[in-house]
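Under the heading ATP binding site, Swiss-Prot lists GLY169, ASP170, ARG171, GLN172, THR173, GLY174, LYS175, THR176, citing sequence analysis as support. What Swiss-Prot records for SER362 is site 'Required for activity', and it gives sequence analysis as the kind of evidence.
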Amino acid sequence: MEIKAEEISEIIRKQIKEYGTEVAVAETGTIISIGDGIARIHGLDKAMAGELLEFPGGITGMVLNLEEDNVGAAILGEFSEIKEGDSVKLTGKIVEVPVGPALIGRVVDAIGNPIDGLGPINTDTFGKVEVKAPGIVKRKSVHQPMQTGLKAIDSMVPIGRGQRELIIGDRQTGKTAVAIDTIINQKGGDVVCIYVAIGQKRSTVAQVVSKLKEHGAMDYTIVVAATASEPAPLQFIAPYTGVTMGEFFRDSGKHALIIYDDLSKQAVAYRQLSLLLRRPPGREAYPGDVFYLHSRLLERACKVSDDCGAGSLTALPVIETQAGDVSAYIPTNVISITDGQIYLESDLFYSGVRPAINVGLSVSRVGGSAQVKAMKQVAGTLRLALAQYREMAAFAQFGSDLDKATQMQLARGARLVEILKQPQYRPIPNEKQVLIIFAANNGFVDDYPIGSLGRYETELYAFFDSRKATLLGELRDKKAIDDAMKGEIIASLEEFKKEFTA
């Protein structure tokens, strides 16, 4: 066999040409201790706060503490396989999650990986989990209504697009029910909903998802789940993942609604992380920056100015209280950050008033300017009437001989309370809410026993749907009641009164 010099030189020339001169440089460190989802890493001198780290087995982490000789990081995932001595790589990136319309209808974990068994999410768009909230110039005051479909809220504690309205109450008082009803009520509208479940049982999350599917609400909803069995770092980061997904729609000029269920559990997860990172504890053993934990999250929900696309992100954070104590650390923090609160009371809940909203303690600081004019016209005196009724009812327990005016006020108040009750998963359109509240305020239900008012309401809606559809449509479109329409409504209610038998 003859070896030709030209062939050899050709092969060498070809090899030299194909030789890649790129050298991949990655800064790596070594794990010196690990446990409870926290790793301490030596040798990552160039790490940035919040930077994404790569652990063995494709697991990621996030830099939280930058100390003199080591870095404290939270592991975003299962850490049982990671051990001391393993090497960790810096990625040079801040933690990012997938965003965009491809996520709608999906259930994802705290870092955006699908967990619903429907295959991968096809999106090339990613958003940084930690970004600064929009500045003052980019914002606009809240002026469009965000309908919840719940009579008690839309009439007395109205919510606007871009508002942050806290839902607060003890366990088992219907906080999640209010949030889920609000999502269901957005059906057929232009709002994308994001439900973030933090520290809940998996069975509960599965139940919520199946209810949303049953009512066709998953068609415009994203569910982010960091359940009770997930490590604390994932429960801490889940709300930020959710708000990043919501910001995509807000910044595209669309409208989004995000529900954090609930932020008490996120605060507990963050307390766990902070104590393990040896940060000094403060009140109730929470770290000093637990206020900033929630304020930087909730400030990202806002109404954007017309120059920036006029989109909005509305937030409904949920906080669980212990035995009705709203003066605890986390509840007071979140009350001071949000634009109002819906306070749910267990006593009302158990006495059959559902949604169990305490009208005296619930308030919407900015929603009034966003309320539909027709609702403002009929529900203006509702809050005062109910507050007076509660006071009067408490006083009337001690005296039996009440004058006629007091008896009438008590009877009207009891009927108003009854009219504002509503079954779960049955949101009511705004124009129908206006009708029933108008009827109650103008004495059309005073002659009927309280027990028959549920039937009165159902039959009233059916009557207007079938025989007064034009009036209903007019009320829906005009969103205000003029004198002519008021006359028509009264005439229609009189007509219905003749037909309805208690």
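One-based numbering along the chain as shown.
Any Cβ shown, glycine's included, is placed from N, Cα and C.
Annotated features, which come from Swiss-Prot, shown on the structure.
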{"residue": "GLY169", "record": "ATP binding site", "Cβ within 10 Å": "27"}
{"residue": "ASP170", "record": "ATP binding site", "Cβ within 10 Å": "18"}
{"residue": "ARG171", "record": "ATP binding site", "Cβ within 10 Å": "11"}
{"residue": "GLN172", "record": "ATP binding site", "Cβ within 10 Å": "12"}
{"residue": "THR173", "record": "ATP binding site", "Cβ within 10 Å": "26"}
{"residue": "GLY174", "record": "ATP binding site", "Cβ within 10 Å": "20"}
{"residue": "LYS175", "record": "ATP binding site", "Cβ within 10 Å": "26"}
{"residue": "THR176", "record": "ATP binding site", "Cβ within 10 Å": "21"}
{"residue": "SER362", "record": "site 'Required for activity'", "Cβ within 10 Å": "22"}
*Cα distance (Å, whole number) from SER362 (site 'Required for activity') to THR176 (ATP binding site)*: 17
*Round to the nearest Å and give the CA-to-CA distance linking GLY169 (ATP binding site) with SER362 (site 'Required for activity').*
11
_Please list, in sequence order, every residue of the chain apart from GLY169, ASP170, ARG171, GLN172, THR173, GLY174, LYS175, THR176 whose Cβ lies within 8 Å of the Cβ centroid of the ATP site._
GLU320, LEU344, SER346, PHE349
_Rounded inter-Cα distance in Å - LYS175 (ATP binding site), SER362 (site 'Required for activity')_ = 13
*Using C-alpha atoms only, work out the spacing between ARG171 (ATP binding site) and SER362 (site 'Required for activity') and round it to an integer in Å.*
17
*Whole-number Å distance between the CA of THR173 (ATP binding site) and the CA of SER362 (site 'Required for activity')?*
15
